[in-house]
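These notes are about the structure you will find just below.
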Amino acid sequence: MKNLIVHAKRLLAAALLAPALVLASAEGPQLDKAPLSKDPESLKRGATIFVTTCMACHSASFMRYNKLTEIGFTEAEIKEKLLPPDKKVGDLMTIAMRPQDAKKWFGGVAPPDLTLVTRQRNSELGSGADWVYTYLRTFYRDPTRPNGWNNVVFPGAGMPHVFWELQGEQTAKITKHPDGTESIELVLSKPGSMSAQEYDKMVADVVSFMQWMGEPIAEKRKSIGIWVMIYLAVFFALAYALKKAYWKDVH
Ligand code: HEC
């Protein structure tokens with residue numbers, strides 16, 4: 001515990017001194033809080049980036065394109081800006097990449113479906129949205145990796161840094177401490193076309209959309225849960241009445 005505090009202090013000091021991102025990896029990487037937004041404009045920007053960039057590799061197969069009307073797109077906009085030519089607005093947001101090809105291309109791992117990833121990555125370190133927000137901002141150059149990139153929260157990830165032209169290139173300074181802990185400091189060695197603030201905001205839009213995408217299903221599940229409870233209550237009442245009717249003559 002003491003180590004942790006010392007460590008946290010050191011991290012704080014480093015964070016104040018350098019405009020770099022500093023993360024510890026020994027106690028598990030620190031996750032940055034995702035500044036989630038419910039603003040339809042932010043969700044729409046996020047959805048556009050998700051469909052045009054992420055869906056080159058990932059599906060969101062529990063989603064349908066026409067569900068995007070719930071965040072403010074019109075069907076005409078969906079058709080014009082988002083829909084691939086071979087899809088209809090009522091179709092699921094699947095992609096055509098075959099898993100066996102994907103595995104070949106990405107060093108043995110296929111890009112997973114992302115519909116629920118912001119919930120699947122929930123952990124004691126932070127919410128799944130925090131994880132994805134940190135993940136998309138902590139890619140760094142690593143010549144030992146087959147695709148040239150590594151990631152602080154997902155070491156050895158098979159995904160390349162898809163936004164490197166926007167964020168620029170980060171390199172990692174890894175410091176091993178005498179107490180066995182290790183900290184990774186990311187330095188922006190080659191700037192991208194966006195400032196750090198612009199980049200964080202863009203990533204926040206994408207993650208806000210992904211959070212929204214995972215949620216409607218949670219809502220639906222809650223309402224299904226309520227119907228199940230009502231059904232059980234009615235069933236119990238009926239069964240009880242029936243039991244009483246059966247045993248009426250016996251007693
Ligand atoms: C060039 C293909 C490609 C693109 C484009 C891509 N990814 Fe990935 N992504 C992958 C692969 C491959 C993995 C699996 C990594 C692994 O397991 O090692 C992955 C993994 C992930 C994961 C971790 C999933 C998990 O829980 O294990 C998240 C989150 C993710 N991608 C988000 C995104 C987002 C958001 C975008 C768009 C901004 C995106 N990806 C674009 C290939 C891609």
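Glycine is no exception: its Cβ is also placed from the backbone N, Cα and C atoms.
Any TrEMBL annotation is an automated prediction that lacks curation.
Some features that TrEMBL has for this protein:
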type     : residues            : note
SIGNAL   : 1-26                : signal peptide
DOMAIN   : 41-210              : domain 'Cytochrome c'
BINDING  : Cys54, Cys57, His58 : heme c binding site
TRANSMEM : 224-242             : transmembrane segment
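The structure, with features from TrEMBL marked on it.
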residue	record	Cβ contacts under 8 Å, 6 or more apart
Cys54	heme c binding site	Leu114, Val162, Val206
Cys57	heme c binding site	Ile95, Met97, Ala102, Phe106, Pro111, Met159
His58	heme c binding site	Ile95, Pro111, Pro112, Asp113, Leu114
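Taking the mean position of the Cβ atoms of Cys54, Cys57, His58 as the heme c site, the remaining same-chain residues with a Cβ inside 8 Å of that point are Thr53, Met55, Ala56, Ser59, Ile95, Pro111, Leu114.
DSSP assigns Cys54 (heme c binding site) to a helical segment in the three-state reduction.
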